[in-house]
Protein chains: 4
Amino acid sequence: MTCKCSQQIEVSQDKMEEECGVFGIYAPNNGTDVANLTYLGLHALQHRGQESAGICVNNHGEFNLHKDMGLVTNIFDEDKLEALKGHAAVGHVRYSTTGSSMMANAQPLLTNSIKGDLAIAHNGNLVDGAEMRKNLESQGSIFHSTLDTEVIAHLVARSFKDDITEGLKHSFQQITGAFSIVAMTEDCLMAARDPQGFRPLSIGKLGDSYIVASETCAFDIIGAEHIRDVKPGELVVIDDEGITSTFYTERKASKFCVFEYIYFSRPDSVIANQNVHLARKDMGRQLAREMDVEADIVVPVPSSGITAALGLAEESGIPYQKGILRNRYVGRTFIQPTQEIRDLKVRIKLNPIEDIIEGQRVILVDDSIVRGTTSQQVIRMVREAGAAEVHLAISSPPVQYSCYYGMDTSRRQELIAAQHDLDGIRDHIGADSLTYLSIEGLLNSLDADCGFCTACFDGDYPIGKGTGKLSFE
Amino acid sequence: MTCKCSQQIEVSQDKMEEECGVFGIYAPNNGTDVANLTYLGLHALQHRGQESAGICVNNHGEFNLHKDMGLVTNIFDEDKLEALKGHAAVGHVRYSTTGSSMMANAQPLLTNSIKGDLAIAHNGNLVDGAEMRKNLESQGSIFHSTLDTEVIAHLVARSFKDDITEGLKHSFQQITGAFSIVAMTEDCLMAARDPQGFRPLSIGKLGDSYIVASETCAFDIIGAEHIRDVKPGELVVIDDEGITSTFYTERKASKFCVFEYIYFSRPDSVIANQNVHLARKDMGRQLAREMDVEADIVVPVPSSGITAALGLAEESGIPYQKGILRNRYVGRTFIQPTQEIRDLKVRIKLNPIEDIIEGQRVILVDDSIVRGTTSQQVIRMVREAGAAEVHLAISSPPVQYSCYYGMDTSRRQELIAAQHDLDGIRDHIGADSLTYLSIEGLLNSLDADCGFCTACFDGDYPIGKGTGKLSFE
Amino acid sequence: MTCKCSQQIEVSQDKMEEECGVFGIYAPNNGTDVANLTYLGLHALQHRGQESAGICVNNHGEFNLHKDMGLVTNIFDEDKLEALKGHAAVGHVRYSTTGSSMMANAQPLLTNSIKGDLAIAHNGNLVDGAEMRKNLESQGSIFHSTLDTEVIAHLVARSFKDDITEGLKHSFQQITGAFSIVAMTEDCLMAARDPQGFRPLSIGKLGDSYIVASETCAFDIIGAEHIRDVKPGELVVIDDEGITSTFYTERKASKFCVFEYIYFSRPDSVIANQNVHLARKDMGRQLAREMDVEADIVVPVPSSGITAALGLAEESGIPYQKGILRNRYVGRTFIQPTQEIRDLKVRIKLNPIEDIIEGQRVILVDDSIVRGTTSQQVIRMVREAGAAEVHLAISSPPVQYSCYYGMDTSRRQELIAAQHDLDGIRDHIGADSLTYLSIEGLLNSLDADCGFCTACFDGDYPIGKGTGKLSFE
Amino acid sequence: MTCKCSQQIEVSQDKMEEECGVFGIYAPNNGTDVANLTYLGLHALQHRGQESAGICVNNHGEFNLHKDMGLVTNIFDEDKLEALKGHAAVGHVRYSTTGSSMMANAQPLLTNSIKGDLAIAHNGNLVDGAEMRKNLESQGSIFHSTLDTEVIAHLVARSFKDDITEGLKHSFQQITGAFSIVAMTEDCLMAARDPQGFRPLSIGKLGDSYIVASETCAFDIIGAEHIRDVKPGELVVIDDEGITSTFYTERKASKFCVFEYIYFSRPDSVIANQNVHLARKDMGRQLAREMDVEADIVVPVPSSGITAALGLAEESGIPYQKGILRNRYVGRTFIQPTQEIRDLKVRIKLNPIEDIIEGQRVILVDDSIVRGTTSQQVIRMVREAGAAEVHLAISSPPVQYSCYYGMDTSRRQELIAAQHDLDGIRDHIGADSLTYLSIEGLLNSLDADCGFCTACFDGDYPIGKGTGKLSFE
């Protein structure tokens, strides 16, 4: 907290980043401590965003919100949770962008309008957000943030529908994009997904209480049961009467973000009836079948490459070795060492074990490459530890296109696979060989009850790019 | 920060409280450090509000805002000021209400609309704020706070006037209430007062830069020169061309808040060409002329009663004695002692000097009584120190009516002078005699170039009470 | 906390500084919350030291200590006080030196030896501390701090006396210097003063509990009764049996630090049966009798000059005017403004009221001059506010010699009165005239039951300078 | 920081705990930033202690120390490291005991004596510490902490040897116990191990600078080269002349703590020419050979059981499965959920993947069992996830005896293997079968250049238990 950002080094992951995790609970039983359960749920969703977090409770009509920059465990303490009494709650964790991060963009967003209080937590990105915003401004709306969520709040307030639930449906009909949303009014909790179902959202149950969360791991942490996923185009309303389902639009082909299986979601989560860890392991197996390399050991880049490496080793018969250690005490940022030791960046987080690597032909496994910076550093580190050969195996296809549906892929010009062909990438990162999983192989590895968006691999954008605003802008 | 509010004791002042202080600067010279100057200015205005503070800078079109709960010196440090580069700035300090204080209500308020970015800092209270808000909501506006300032931002955004300056004037024409406002757009800094000029707002100059601030003490701290006050009904626009004055309404009788002279403003400030300290001393002199008590010493309740006590002592010839010490290390709150010592509250802040007080007939001087709790405790304390008689002299008239124009007087039923007559108050606080300054005496003590609002004394509300929302609600 | 020291400006006082305040309580009644009472007592003594503070409790043999850098209100919160259960306690506040301040030097000092646990809180300075330390080291003692207190702890541990109380007396017989000490063993609380009684120490009573403190204001804050002062050369032992007095040395001429009356002690404290405020006022009266200046108004430098100014005004008949305002929100340090506004240092704290000062012949009153820097700045400020003449009146004699007995006077070469004669000082600070109180006048103003040390004025050191280690080194 | 300890739950590991990590550097080249390198080294050693950390630098004779409670990254920031200029440094991390943790016990310990300044960082435990301390006290020594380190500092100060290096050797000859020590005087850096070499200590080199550290991973992080280990009974002196080795005692059988290989040390460290990860994997292989269980999958308890599980799976041919996920955002403590969800403790940290575990016969692998609480919870969790059978395999022998040589094993009565036989333990934790590695099997798995202490398994204490003070007391 006391350090200037410019003087810290980011122990960067060179990964695509999710933009948010959402959580909601409605507890007709007054004894349920909704703030504590939301706190635990957000804790389980912490991997989906580390910039800011917030919890808004509804205490029979009185709303109370606390949000701040930082991790869930740093933002909330016993006193703050104690103060958040209520029978329903909405929570949110937000991804840490590297640029200017604004307190004004922390969620849930709580607004008051003619239709009453409304708290919204949102995961996704509207492709027509900028246009909708301009349109609203031309009608006299004012904005406090750069959140798409605020666009939705305005649409609800301005809807000709008197009822806030109908207003929300009406607003969904006007927007185009990826959104998994949890919303809370004085009377109910609501959960909805966009018509293509780009981002995950599941429904759980704990005693009398209904819960919604981005991932099922948030149910496990509090001992709740996973009921089902919210369906694309569905709006679920939870109140004292129980749970009601409506569809605000007609069915469309589902286009779930395949990167949730590749990297974002927690391995213990289940999405579309497919466990993430098992999917990831099958990608490793498939990768083994697709690659043609002789090697002595399979070594994962921890921790993103571990599961695929296990699958690859099993299928190929090449021994799996934990040849690189990850320091578990590394936080996300770290004080900048002096110039003398500036190039130690990666070693602060990862350290190769020479006794394992020396003299070996190594297949290094990771889940994806974005800009290629970390791959380059890890390969150099492994060579310095004495590897005879270093072959990089990636359990997903080359990321060649930016995402407009809620993940931060960087701009296209920063994507190494958009700038170079396979040989060019291999040369840049310094590997002896480089193998990516094919798109077909990827899709074959998955056994989920949904269709997929693969736009970042093939540029086939299911709902277009709109005004071209990137997800992380 | 680590203590629950319920476990602290408020070392309360039992005083009326101001709701805000505002500051603005426009520096055509790029070298001027507007954030640092605003920081110092807010520091000088800290007595006008200790709940939250904020600074918004405009760096040639790019706005940057930092605000938080707490004192100016705690919220800003070198790094944060360093990050606030710009050529213009708006700052705000906000009063600490005892109830729920909301981060959402910290100012300046920064919003974006079709007319561009707009940062507003506001001191005052709209009497028709609730109505205006309801009206805006019925047209689809959403609200993030309970601030009147947000009403004004909406009115500007919705105004048919394209120009933001004209939009601001248009919004002022639609509202009724007390407001001293500093606003910043991409192109200019603006300062305005309501038609009656309830709250203060002055213009200063430092080199090429124009400055506006609630009180002139904010000019002194940075070595700026006091030019003149903003006039009631005036909107001043400052940009690269210099300063331009327009009136958005026709002249009305000025009704400046007389309590600024009695208690709120800093003694070293000059308002309407009248120094506050000297005004306060003259109130003490006038009080001496109006009271008829024999006594041995004049003792101020520190520090609110000091100046009037000096005037009273001079005029009456009764010796002035610093018979009560104020501990300068007392913060606003304090850990709660155990029950055993709970009644020590006042002694933590004040301690009578027995060697001065013992056996004396004491005239105790304070500036005002609100609920009477502190007066009662101080009188008991002085008696316990051996005073032969305790006469309380108050350098203002009895506060009998709540304020709707920007000061926190408590609700009417909490005002001791609204519940009891003079004898009743005297009995309640336990004084041997009680003398208030008369309204005529008060007004005669003042030599300012303005008319006055005396509604809290006589119930004569210049612009009504509107929907009856109190200033602090 | 987040700022680098080098980037803050000290809103300096240019005053002599006390090095410590001590407090102790022994409560035979188990219900008494000794930690809370000590916390309040230290709060009342906060003016004696703002660098660090600590409380050590004895819970029937189990000692528990918490100390840290900072103000009492910042170091302790409810949880920390709650954890400090006990029937006896010792507390300490320590002066903030400008140089390197060490956590290792925070007090109370808690050590364990063959004689048991011993917690010591110390106000003063040993003139032979360095020698004693060297002697102990040559016998194999190790030191963790640079505190004289640690020397005393070693002497107790090494004493041939088995009993810890006798050991303490024995250690006092071996040292030379100024010390007011509160010590706590498993069985008792002890309080002692050096044979000359340089520094204050008083005994109070609250119900069954005995209390000792540097000043009587620490009794007032908790409603305790002042019994008497600890006598020079006396060791008082408090345990379940009550209070016992012994003298560890024969009577010597008492040499109480006269600066306690001039500046250090709180005005509401009583030392040697003399109230400090009244003493200070009499110094002002005496100064009036000694000075020969024609002037229109008497203006104090707040807040150190206020009391003497009142006395001077009363005696001279020249009107007293609060011509300079002191901002009560100034903390001890402050973020450094840019170079542009670096010379605003004094204005951040003090602001002259032009309407009072303009055209007047002003007698500016302060209690003392150390280096002269603040006097120079204040005089310039008053001239800029339009004063016709500025005469400086100081209610104490010129400080020409460093102190070796527990106050920080700076080194001799920094004392302006050691470098210049009266005219030289006057020229340096830019006053039209300069008047100091005479030593005789000072002593005549005092009506205390003790003799005085005036070494800082006349160089007459009652117990020598020892190895010449200054109090603040 | 804001939470009361009693209201947090410890996400406990039920593991033996190391008591400390030490680091030292001597840089004849003035440009080397010793504080930053020490900071990074301590970061790599963070797993050896999370209670407190400290760095002491020597700037050509001037010592400067900063230490505090907490993690390395929380205690130090850029400003604090900047202030620690020097040419040599000593650093320390200390284990978090659950009881009262004292600031006074943070290290390095910096003391001053007749022989000069001495900073000591210590990993280990003296078996005769209490006796030595009593002896020193009887000679007049005083103690500020309960650290064995302070005993050593006293012995050095009191040694008849004038030279501080000789004094340190002399002190080592007087004590019995486990100690790996880094010490710094004005002239040199020293590193020493006890005659049996219980705890690790290695020597590295970075350019001109020599470095010593508890583990070689601290060399890797700063790019230093591992030269060799400090030998049992050796004292290494590093100064401007380079490195000098002496032995303060005759050679004895080396007795290195075998638990360093089992659990404490980082897998990427090399001790006695044996990589820790490979040793741990061989333990898993050996365990496979010793166990006789039919099962479908091998699942590690993350992260302590991962390496042994890989070895066990390889040797047995049973597939390795990551059936339990570990949440990497769990800190060491966590706000206490309400009673309702108190039993979620383990799930906050671990979550089983049902799709992997359901219906399977699971071999659960962990490195050791101390009290058995976590094993019980994990087994229950795995059963609830649908496992058909749960067999627990432990890659070390039963811990039946407390350690007196520097690790926290809990008291004997808390060790489940000291209270129950194999069947009793199996029943208590609820496993279908339980297999421990044999002592012979353990020793056969190791290929290190040293002998081992196995006292915690067989009660054969190489240097006795002394006065019976446990390591963690």
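From the backbone N, Cα and C atoms, a Cβ is placed for every residue, glycine too.
What TrEMBL says about a protein is an automatic prediction, not a curated fact.
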Response to the item:
Mg(2+) binding in TrEMBL involves A:D366, A:D367; of A:S304, A:S316, A:S410, the partner in that site is A:S304
Worksheet item: Out of the binding-site residues listed (A:S304, A:D366, A:D367), which are within 10 Å of A:C403 ([4Fe-4S] cluster binding site), Cα to Cα?
Response: none
Item to complete: Using C-alpha atoms only, work out the spacing between A:C20 (active site, nucleophile) and A:S304 (Mg(2+) binding site) and round it to an integer in Å.
Response: 19
Fill in: CB-centroid shell, 8 A cutoff, Mg(2+) site A:S304, A:D366, A:D367, site residues removed
A:K15, A:Y263, A:P300, A:V301, A:G305, A:A308, A:V365, A:S368, A:I394, A:S395
Worksheet item: Counting every protein chain present, what is the number of Cβ atoms, excluding its own, within 10 Å of the Cβ of A:C453 ([4Fe-4S] cluster binding site)?
Response: 25
Worksheet, complete the sentence: Nearest by Cα to A:C453 ([4Fe-4S] cluster binding site), of the binding-site residues A:S304, A:D366, A:D367, is A:D367
Worksheet entry | Integer Å distance between the CA atoms belonging to A:S304 (Mg(2+) binding site) and A:C456 ([4Fe-4S] cluster binding site) | 19
Fill in: A:C257 ([4Fe-4S] cluster binding site) and A:D366 (Mg(2+) binding site), distance between Cα atoms, whole Å
19
Practice prompt. Using the recorded [4Fe-4S] cluster site (A:C257, A:C403, A:C453, A:C456) as reference, state which further residues of the same chain have their Cβ within 8 Å of the centre of those residues' Cβ atoms, listed in sequence order.
Written response: A:F198, A:V258, A:F259, A:Y405, A:G406, A:M407, A:T454, A:A455
Discussion item. Helix, strand or coil for A:C403 ([4Fe-4S] cluster binding site)? Use DSSP.
Written reply: coil
Item to complete: Can you grab the distance from A:S304 (Mg(2+) binding site) over to A:C257 ([4Fe-4S] cluster binding site)? Cα atoms, rounded to a whole Å.
Response: 18
Worksheet item: Roughly how many Å separate the Cα of A:C257 ([4Fe-4S] cluster binding site) from that of A:D367 (Mg(2+) binding site), to the nearest whole number?
Response: 15
Practice prompt. Could you tell me which three-state DSSP class A:D366 (Mg(2+) binding site) falls into?
Written response: strand
Discussion item. Using a 10 Å cut-off on Cβ-Cβ distances across all protein chains shown, tell me which of the recorded positions (A:C20, A:C403, A:C456) has the largest neighbour count.
Written reply: A:C456
Item to complete: For A:S304 (Mg(2+) binding site), just give me the three-state DSSP call.
Response: coil
Worksheet item: For A:D367 (Mg(2+) binding site), what residues in its own chain, 6 or more apart in sequence, show a Cβ-Cβ distance under 8 Å?
Response: A:I262, A:Y263, A:R280, A:S304, A:G305, A:A308, A:I394, A:S395, A:S396
